[in-house]
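Heads up: the structure comes next, in structure tokens.
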Amino acid sequence: MKATVYVTIKQNVLDPQGTAVQGALHSMGFGEVEGVRIGKVLEVELATTDRAEAETRLKDMCEKLLANTVVEDYRFELEG
Amino acid sequence: MKFAVLVFPGSNCDIDCYNAVEDTVAQPVDYVWHTATDLSAYDCIIVPGGFSYGDYLRSGAIARFAPVMSEVRKAAEAGKYVLGICNGFQILTEAGLLPGALMRNTNMKFRCHSSLLEVVNNRTPFTNQYEAGEVIDIPIAHGEGNYYCDDTTLRRLQDNDQIVFRYAEGSNPNGSVADIAGIRNEQGNVVGMMPHPERAVSSVLGSADGARMFASILNAWREQHGAAVNS
């Protein structure tokens, strides 16, 4: 089973990288860009076919390591 | 009094910390590898700067699971002194031993220069040799030193006198909330800071202001143990 984990900076936390990219897009003429937030995508292969178990384990992975929940949110999608 | 300087793969301020202890307070000090499972021999544990485990994923995120970190947690609970500097501070926040998180500097730059700090709390084992409100010169060297915590946590830090150092007015180099450069835990025995006191222990290095941090630790330990001056 394959999981795609998205880790994003919380909305109320400033994302300096996103702000820099927004500035770059503006200077290139993409004036319609109102905001950019940069996050991470992790592709995780799991040796299980049990969806419920995979979800429980992934949540644990996210809480413990993949996201720092002080400043980041996470969500994931499961395929297969 | 016995000091430990932790060494993770990717630590790069461990030797400076070791030398700073020897040069400032002349106490026994050991390098302790990240796989160690016993820190009971040590009175003060220094978590040095660097890029532990390459800082992959997030600064300090992987180091916090090193075997030695459960010993650091035990030492902190036992009231021993724990000082996290730069990457060490990031590791201590990731480990939950200190609140908040260190984010990318708002200016997106790696800032490496001397910095002026205000000693906000001089009633800690790490700062008792400074005057309250004294401004000291301690260098910084980081790309992710932008301290963040939510408003509730910030109020708690302020109410409990947990802010130890602030960047001097108008000189915040990284966007830190409330100009925070260093904080302590509620108990007061764990301090994390982005600036590097170990790089400021001699006028030859540009500043000797960091030396008094090490002197503070020894002084606190002696007071706590009623120890003779030469022990």
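Every residue gets a Cβ built from N, Cα and C, even glycine.
Computed from a predicted structure; not experimentally measured.
Record features (TrEMBL):
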| type | residues | note |
| --- | --- | --- |
| ACT_SITE | B:Cys86 | active site, nucleophile |
| ACT_SITE | B:His196 | active site |
| ACT_SITE | B:Glu198 | active site |
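Long-range C-beta contacts of B:His196 (active site), restricted to its own chain and to partners at least six residues apart, with a cutoff below 8 Å, comprise B:Cys13, B:Asp16, B:Gly49, B:Ile85, B:Cys86, B:Ile138, B:Pro139, B:Ile140, B:Ala141, B:Gly210.
Under the DSSP three-state reduction, B:Glu198 (active site) is assigned to helix.
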